[in-house]
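What follows is a short report on a single structure.
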């Protein structure tokens, strides 16, 4: 009677667990679908695409749309002068038009946006695509099982008959792997540098409109304080998140775009209706012929017209390709062209203005105050977008082990991807204010911002060329044409920016060198620590030999041992047992790792297996996250981990009971003490009806589903193991009927299952301890001076002054056990 009651309890408990996990999974997936708009039917709807295009204005185009505030002013700051012949202003307009047409429109909208990584964009998306199509990744603890993640699938699988020579060459030379990572880190550092410069130049340019309404004496003492005040308010409000005021962003940018379009049309009609002739490329050659070196150097100001273009690709994950393409092609691009043409038309008739060339001189006096207010609001929106992008790219760098640990706070439970990093926020604010006070003019800020923007674009062009060959399987000639065409344009602007090194362009270079040093040292030390762990891991036999005979006791509770290893026993656990001869009744070796994909579906996140026989109650759990995934807080992580362990226990007992007659490689529980059991992906799916039992040949990883006829949800399990050449993989699906559960074998299995689940629940009630390594890294004797500086001083300084792993994992101090370890690398 007691046994029958407990069987009923197990079934009800299973139903509750499955319903809870299914609910949690549906919530997470709804958030992902909300943010990534992955619903294919919605993407195909014109109404939905237009709505998304409208929403993208406030997130994507804030920076790009405010560029008319400072492009002409930066261009005519020093190198060239506006003359009566209008050759300079028409030449600049022609350059602006063709630069906007070739780079944002042709390169990004029509080519780069198509290189998405499961809907995500940005530098890391391109790097992720390349790493999945060629073995060039430097990430540690990679597994064959990672390639079975649904978001890892290759959209354009390479032909097996022949591999690209470029791919073979890249994979063969390890130094190119490092060079590729350095290239990605360079682009990342320049994006962070842009996060410092864009808010400063945008807000300063908007506020500088006060010069037309104030005397020169009052103006020079008002613009800097007002700009700094706005920047302080902007950064001080970051921790509230953008979701509270995000609904205002799109209307502000839309109003601004309509405003500059109307001003452009007014100036063209009123001052020079024939300004459209300057769109001819002839005026570019005429401009360079007249201005010579000065014209070439002035390109450092012209390139500011495309600042913010990279945001179209970086923010692709928040919107659909069709939405971003529609918004830019039919609204942003025409509005910007009209704005620049309008300013050129005004300046072509005003050669001796009492003020320097700026955006506001072309605004009618009666409209200046409203335009000033809208411009400041638009600059704040544009600054907010780049600040959020900086938080996002630092979070991605941290996920891939390329940035010191920082505390990431998610400011919205409903909208995926909205994060806040307090340390980075205040550093950005201090740097922004320092740049504003230090430079005090648009010229120097523009020179610095231009170099940062163009470097990011050059990195994107180089990575995109590799994507064309490796991922799209196009001939190298196509990639070379793309590289030469767009690369030559960007190199022209880049060379012009470098000439302004002493006039502000030194700042992004200095920031990039500083950040790249930090990121590369951190990544290098992380790899060396992993290699040390790999070479010093303990055998499974050592763990199984521990017992009362050696004075080692098992204490109540769950012990979660965090490690970077995906197999074997970490050295920090052996050190822990050596100093404290006891460990928990339920022992779980947890590896939280990153996979080179933007996100891992929740149903495929947990890879679970046994360590030793079932009686030992030891498990391994590999938790996989993508570089844009939201890491769970420790309470939900602990709860879900225990639930997944319970699901795995049920699956493993049923598998051993039902598949052993059919699979020669399935050993009994008693014979598995010499090696680790296979790992299985534990997730939650739903299906209708009762599946039958069968084995089907499949080229996919073996997928096993177990269901009871009395419940609607099942546990979807994917077993992962190294697949040799010619190996046959099996998909097994079977059902357990009520009649089978009455058999003696089923009864015995339920007794064992009941005992293991009871141990798990009892251990959870007793409490969970988190065992982490507290590491100190030092170099071997005889190491080079550079290595000693990087590890002994650089890495250890960063480790002492950044967040510890317990803070990053949000482990409560009362449950934390730290094990001191010295790594000699």
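From the backbone N, Cα and C atoms, a Cβ is placed for every residue, glycine too.
Because the structure is a prediction, the values reported are computed rather than measured.
Feature transmembrane segment, per TrEMBL, maps to range 326-347 of the set 150-171, 326-347, 546-567.
Check TrEMBL against the ranges 40-64, 115-139, 415-439 and you find transmembrane segment recorded for 415-439. TrEMBL tags one of the stretches 3-30, 367-394 as transmembrane segment, and that stretch is 367-394. Among the listed stretches 89-110, 175-201, 247-269, 294-314, 415-439, the one sharing the most Cβ pairs under 8 Å with the transmembrane segment (479-499) is 294-314. Taking Cβ pairs closer than 8 Å, the transmembrane segment (89-110) reaches residues 64, 71-72, 75-76, 82, 275, 277-284, 286-288, 290-291, 295, 298-299, 302-303, 305-306, 309-310, 312-313, 324-325, 328-329, 333, 336-337, 340-341, 344, 347-348, 457, 461, 486, 489-490, 493 in its own chain, all 6 or more past its ends. Fewer than three CB pairs closer than 8 A are found between the transmembrane segment (247-269) and the transmembrane segment (505-525), and contact between the two stretches is not assigned (pairs 6 or more residues apart).
Nonlocal intrachain contacts for the transmembrane segment (367-394), taken as residues 6+ away from its ends with a CB within less than 8 angstroms of a stretch CB, comprise 58-60, 62-66, 69, 122-124, 188, 191-192, 194-195, 198-199, 202-203, 205-207, 209-210, 212-213, 230-231, 234-235, 238, 242, 249, 252-253, 255-256, 259, 263, 308, 311, 314-315, 359-360, 403, 406, 417-421, 424-425, 428, 628. The recorded stretches the transmembrane segment (505-525) and the transmembrane segment (326-347) do not share 3+ CB pairs below 8 A when only pairs 6 or more apart in sequence are counted, and are therefore not in contact.
The transmembrane segment (451-472) shares the most Cβ pairs under 8 Å with 175-201, out of the stretches 175-201, 221-240, 294-314, 326-347, 415-439.
Counting Cβ pairs under 8 Å to the transmembrane segment (175-201), the stretch among 221-240, 294-314, 326-347, 415-439 with the most such contacts is 415-439. Away from its own ends, the transmembrane segment (326-347) comes close to residues 49-50, 53-54, 56-57, 60-61, 64-65, 67-68, 71-72, 82, 89-90, 92-93, 96-97, 100, 104-105, 109, 257-258, 260-261, 263-268, 270-273, 275-276, 278-279, 305, 312, 357, 359, 361-362 of its chain (Cβ-Cβ under 8 Å, at least six residues beyond either end).
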